[in-house]
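Notes follow once the structure below has been shown.
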Amino acid sequence: MMEPEKTQSTPSLLIDPAQLPPDHRSGYVAIVGKPNVGKSTLMNALLGHKLSIVTPKPQTTRHRILGILSGDTFQIIFLDTPGVLKKTRYKLHEHMLRTVDRAVADADLVLFMAEATQRAPDTISLNHLGNRPAILALNKMDLVRQEQVLPLVDAYMKLYPFEAVVPISALTGYNLDVLLKEIIHRLPPGPPFYPKDQLSEHPERFFVAEIIREKIFEQFREEIPYAAQVNIVDYKERPEGKDFIDAEIVVERPTQKAILIGKGGQALKRLGTAARQEIEAFLGRPIYLQLHVKVREDWRNRDRLLRSYGY
Ligand SMILES: Nc1nc2c(ncn2[C@@H]2O[C@H](COP(=O)(O)OP(=O)(O)OP(=O)(O)O)[C@@H](O)[C@H]2O)c(=O)[nH]1
């Protein structure tokens, strides 16, 4: 598991404190909510970069992704968490819920996301707030009228002492400036944890695997994307030529492997082309991408495999 270490970098080594504005603030903000509320879309919109994969299907975010947003007077370190699930069907799901709780415990502030289109509050995700200071962001306001959400806001305020409520649209950008201000002035005063030009803590290979996983979500249906794990087994940077990336896609059953490969290898070829194009755009340089498919029966329930895959 790639996790942020608050103590990893010594702030004083990064920036001369005398150069910092006296009101500089920095801290960790966990984005929490049920699957598909738009957590990844929001983080990508705030960061202005696509760090977290976004798909119309729920439960695409499995890892806790660290994104860093720095301004002259602040640094926000976002922890994007997997959507909170009602029922845990696999050990993988239990790992995902623990990721949520760990992110909340590490955070200075929680950004609780809910859909403005819902009638009833999301009480299951509220149970994971652990009494931390939190802001309620009601997302997808582009789909409803302002006055329609008032009963929902009332219901939420009865259930949790949110410090602020901000109606937003992660998709259109509506009110994201207001949300940022609400976050920043609640962060502890202090110097930044990371250099100001750093966007994330994950190495490139993590994003490469996530891009391949996103393409699997786009090109395959039903259980295939959920049963697939992508591991980067070799990543050679070649200053003289194209970087070489070897990725394995692990699935649970031989039938899933057959679907991923397709007739005469056509499906895997199409996946490889789409993934390579997006990876090249992300890295800003040409690569050679090799994909192969492996079967590991029931990997989502096997502790040892889950650990070796970074969960
Ligand atoms: N209309 C509308 N759609 C949105 C908005 N924000 C996100 N979406 C859509 O909602 C879907 C889910 O968005 P994600 O950002 O992947 O949601 P998530 O909460 O990260 O989902 P998980 O990874 O499953 O936890 C996508 O189809 C988004 O385009 C919004 O403000 N308005």
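Using N, Cα and C of the backbone, Cβ positions are placed for all residues, glycine too.
Keep in mind that TrEMBL annotations are predicted by a computer and have not been checked by a curator.
Feature annotations, reproduced from TrEMBL:
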type	residues	note
BINDING	33-40, 80-84, 139-142	GTP binding site
DOMAIN	25-189	domain 'Era-type G'
DOMAIN	220-297	domain 'KH type-2'
REGION	33-40	region 'G1'
REGION	80-83	region 'G3'
REGION	139-142	region 'G4'
**Q.** Other CB atoms within 10 A, centred on Met141 (GTP binding site)
**A.** 23
**Q.** Positions on the same chain near the region 'G4' (139-142), where near means CB under 8 A and six or more residues out
**A.** 37-38, 42, 113-117, 149, 167-172, 174-175
Q) When you measure from each Cβ to the nearest atom of ligand 1, which of the binding-site residues Asn36, Thr81, Met141 fall under 6 angstroms? A) Asn36
Q) Counting other Cβ atoms within 10 Å of each Cβ, which of the binding-site residues Gly33, Asn36 scores lowest? A) Asn36
Q | Average pLDDT across the domain 'KH type-2' (220-297), rounded to a whole number | A | 92
Q.
For a three-state summary based on DSSP, what are the helix, strand and coil counts in the domain 'KH type-2' (220-297)?
A. 33 helix, 26 strand, 19 coil
